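The structure appears below as C-alpha cells.
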Amino acid sequence: MGRAPCCEKMGMKRGPWTPEEDQILINYIHLYGHSNWRALPKHAGLLRCGKSCRLRWINYLRPDIKRGNFTPQEEETIINLHESLGNRWSAIAAKLPGRTDNEIKNVWHTHLKKRVNKKQNNGGDTKDINGINETTTHDEDKESMIVETTSPQQFSNSISTFDISNDNNNDIMSYEDISALVDESFWSDFVSVDNSNHKEKKIEEDWEGLLDRNIKINSYNNSELYDDDMEFWFELFTSNRRIEEFSDIPDC
DNA sequence: AACATGGTCAACCGCTAGTTA
DNA sequence: ATAACTAGCGGTTGACCATGT
C-alpha cells in the first residue's frame, strides 16, 4: 500500500483558508458533492490538496456544524465516552451531533483532560462531572457552564478566518452573517445529493463558468476585497441558481 | 507599556484501512 | 493476490489571543 502524495506538491497553498476559498469549496460541493476529494480542488480551481479541502469542509464548512461552547452535558458525554472508547475521537464525535472529532479532541486536550486528571488526583472530590453541581471555583469550569454562547476565542477565530480588518465597516459580513445566509434550507437541497455520476468533463465546464464569473466579480477591486461582499454573495447565489439547473442532468 | 507565558483552535502530518483495477 | 490509490483517523504544530508579571 503506497502512500498517497499530497500537500507537498508544488504550488499547493497552505495555511488559513480565505473567504473566497471557502465559498468556492462550498459552492463546488453544493453543485457536485464530494465524491472524490482528490479531484475536487482541481475541478473547483482551488490551490489546495484534497486532504485540506476535506478537512476544511468537515471541520468548519459543513452545514450541520454546531458552533459555540460545549454544554456541560456534552462535556460529560465526552468524558464518559473517552473513558470507554479512549482516543477514538471520531467514534466520540459520532455520538455528539454537530461536533467534529477535531473539536472534541481540542476540548479534551485543553480542559477536559485536566479536569479528569484533577479529579483523579483528588481521589474524586465533590466535583460533579456534568457541571451542574460543581463546587469548583476555577474560571475554566465556570466558562463551561455558559451554554451555547460564542466564546471570545471562537469569535476572534471567525474574524481571523474571514479577515475582516475594518472594524467600522458594518456592511462586512461576519461568519455569523454568512451562516445565517447559508441556512439549513440552503444546504438541505444539495448536500446529501450524490453527484458522483456526473461526467467530469461537464463538471469542469460548468464549474469553470461559475468560477470565471466569481473571479470577475471579485477581481475588479482587489484592494477592497470585502467591501462588496453583499454583491459578491448575491452574484454568487444567483449564479448558482442558474447553474444548479445542471444538476438535473440524468445520472449516467 | 512591554514582555512572557499559557490557552485555544484551525490546519497539517503521517499513518492505517478500505477500495479498486 | 497485489499494487496503487483514496478516505479517514489521531497526533502534533503553529498562529493568534488573553492574561499575568
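Cβ coordinates come from backbone N, Cα and C, glycine included.
Curation does not apply to TrEMBL; its annotations are automatic.
Features reported for this protein in TrEMBL:
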- A:9-61: domain 'Myb-like' (DOMAIN)
- A:9-61: domain 'HTH myb-type' (DOMAIN)
- A:62-116: domain 'HTH myb-type' (DOMAIN)
- A:62-112: domain 'Myb-like' (DOMAIN)
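According to DSSP, the domain 'Myb-like' (A:9-61) comprises 31 helix, 0 strand, 22 coil. In the domain 'HTH myb-type' (A:62-116), helix, strand and coil residues by DSSP number 36 helix, 0 strand, 19 coil. Confidence in the domain 'HTH myb-type' (A:9-61), given as mean pLDDT, stands at 85.
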